[in-house]
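Down below is the structure, laid out as structure tokens.
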């Protein structure tokens with residue numbers, strides 16, 4: 001396809017004045033002969049399969065507000081323009097079977113451009129149009145027929161390659177696809193990604209040896225393309241890989257494109273071999289498009305501009321170096337290249353384009369031919385937001401989490417071991433407490449320190465929760481499963497280990513300390529400790545949803561637990577707390593389990609903690625002879641009109657509860673409130689993920 005002669009004439013008339021206007025003195029001025037050849041060359045055309053889908057974008061622009069600073073007098077002033085254009089009038093297209101690579105220096109707008117095409121920027125902030133087969137893309141349809149591979153390879157480390165891809169198939173493919181078909185799809189995907197030799201190898205992490213970096217990147221791509229999408233977006237898929245691994249990744253992407261997909265990716269600096277696998281290139285400079293066309297057109301494009309690419313040199317490296325030089329040496333940057341590319345784009349826009357089917361017909365044909373194995377739209381039915389119902393998602397996500405947990409027994413062993421050590425340490429310190437005034441105080445201290453220890457122990461899963469949150473955000477960016485399913489699965493997989501921890505701790509401390517209540521007392525104590533673990537892990541889960549830094553999360557959790565302990569009623573009674581802090585007493589997570597175990601221990605009025613002269617233990621009269629103390633006790637009794645002997649019970653458990661002001665809720669209500677706190681913080685966790693998602697830019 002060639003541009004018409006009048007366009008060439010316009011360009012020839014424009015070329016030299018434009019070179020002067022752009023002040024391109026270090027470069028040769030374009031010659032009329034080169035201009036004529038350039039206008040009549042097929043630059044920008046790409047040979048490919050018959051037109052099935054065409055993704056077109058026109059005049060895409062996106063601006064962000066610049067930050068402000070405070071002067072030394074507290075007055076705000078702008079350090080630069082109030083807004084900065086991150087994308088400036090980007091136009092082009094990509095067809096089925098092609099790989100479009102977006103190149104540019106850091107900060108040139110590559111990732112922003114990919115996000116714009118992938119509907120990861122709010123439409124209200126984005127200017128321009130994005131169409132598929134001439135029709136505006138609706139968000140639900142786009143998520144069903146596309147995939148977005150992020151730069152970070154976040155996956156569960158203890159699952160094998162095959163298990164990781166199988167999970168993706170279970171959540172991305174609907175129930176209408178049988179289990180055997182899903183397995184076939186996974187096996188075909190393993191071969192397509194060239195992962196057969198690593199299929200049974202775990203993904204791995206810092207502490208567990210797994211697949212190589214290149215294999216890990218290909219697995220990451222595979223989890224997002226298991227539903228065989230029409231559109232595939234990738235953010236720098238070769239970043240951090242050696243040249244051989246990067247080449248293998250792009251070869252895989254070429255096979256995906258040739259199978260009937262459109263691949264759009266950002267690349268920092270492709271090698272010569274990778275450049276040969278790409279079909280279209282877009283070079284960006286400060287958000288502007290300086291080149292748009294096939295790789296083989298780079299030499300001719302820069303020759304027209306007056307910069308000859310050396311023989312045997314990498315055209316992409318030359319172009320990036322030239323763009324950077326223009327940005328560093330000229331206020332207007334690469335404006336000359338931008339204008340030259342705009343003219344070429346205008347000439348190509350006037351050429352005839354191959355007609356494509358209407359979007360719905362094209363999608364329906366793709367499904368009928370087996371392209372979209374998800375079968376997201378058959379017989380004219382609308383695309384579903386999610387491929388599977390909630391219960392299937394919960395089962396799949398829970399199964400994966402439990403499998404990952406099962407293969408890291410050292411973590412669970414450490415947590416159980418921690419409970420064993422804690423139980424024996426506390427149990428031997430508070431060994432077999434008797435019913436004396438001193439033992440009464442020690443029982444109260446034991447109960448307080450046990451509840452406190454459980455809450456602080458709950459923070460050991462904070463790092464795991466934060467890591468899982470990032471995986472969740474990656475997987476659900478394109479509706480692999482629901483937020484509700486993840487939160488329910490998280491609650492299930494969290495609760496099961498808590499049962500083991502409670503079963504480990506409670507028998508040790510209950511019997512070594514000699515707590516009261518028999519079987520019923522043991523059962524209630526067990527339930528309260530389990531509820532305390534549940535509430536503590538719920539709070540930590542909520543913290544992980546709000547914060548993304550582990551150290552900051554530990555700091556916040558420790559500080560809040562300390563405040564809760566201070567105002568729980570152990571250190572200071574309720575009536576002594578200042579009125580402006582009393583609200584913290586009632587929202588203290590430690591208050592309710594502490595009061596529950598206190599009532600479980602002291603509610604039996606038959607247990608006496610102080611008899612006769614024991615009332616003087618711990619006082620200034622405690623050192624007096626027993627006979628002298630008895631005389632004082634009898635005198636006190638006579639003054640009160642009571643008959644008090646050495647066997648008279650002075651302090652019962654009810655008296656302890658009354659003194660501690662534990663009288664607002666009974667123990668079962670305290671237990672229910674503790675359980676409710678666990679659910680409440682998981683509800684907050686849900687909303688923190690719902691409103692804190694970073695899947696879209698503002």
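A Cβ is built for glycine as well, from the same backbone N, Cα and C atoms used for every other residue.
Among the features that TrEMBL reports, domain 'ABC transporter' is placed at 55-311.
The annotation transmembrane segment is assigned in TrEMBL to 412-432 (among others). Proximity of distant same-chain residues to the transmembrane segment (412-432), defined by a Cβ-Cβ separation under 8 Å and at least 6 residues beyond the stretch ends, is recorded for 405, 442-443, 445-446, 449-450, 453, 457, 460, 497, 500-501, 504-505, 508-509, 512-514.
Annotation source TrEMBL lists transmembrane segment at 444-466 (among others). Same-chain neighbours of the transmembrane segment (444-466): 415, 418-419, 422, 426, 430, 433, 490, 494, 505, 509, 513, 529, 532-533, 535-537, 539-541, 543-545, 547-550, 553-554, 557-558, 561, 564-565, 568, 570, 589-590, 593-594, 597-598, 601, 656, 660, counting only residues six or more beyond its ends whose CB sits under 8 Å from a CB of the stretch.
Residues or ranges marked as transmembrane segment by TrEMBL: 487-510 (among others).
What TrEMBL lists as transmembrane segment is 522-543 (among others).
Non-local neighbours of the transmembrane segment (550-572) in the same chain are 444, 448, 452, 455-456, 458-459, 462-463, 466, 539-540, 543-544, 581, 584-585, 588-591, 594-595, 660-662; each lies 6+ residues outside the stretch with a CB under 8 Å from one of its CB atoms. Under the heading transmembrane segment, TrEMBL lists 550-572 (among others).
The annotation transmembrane segment is assigned in TrEMBL to 671-692 (among others).
Confidence over the domain 'ABC transporter' (55-311), given as mean pLDDT on the 0 to 100 scale, stands at 87.
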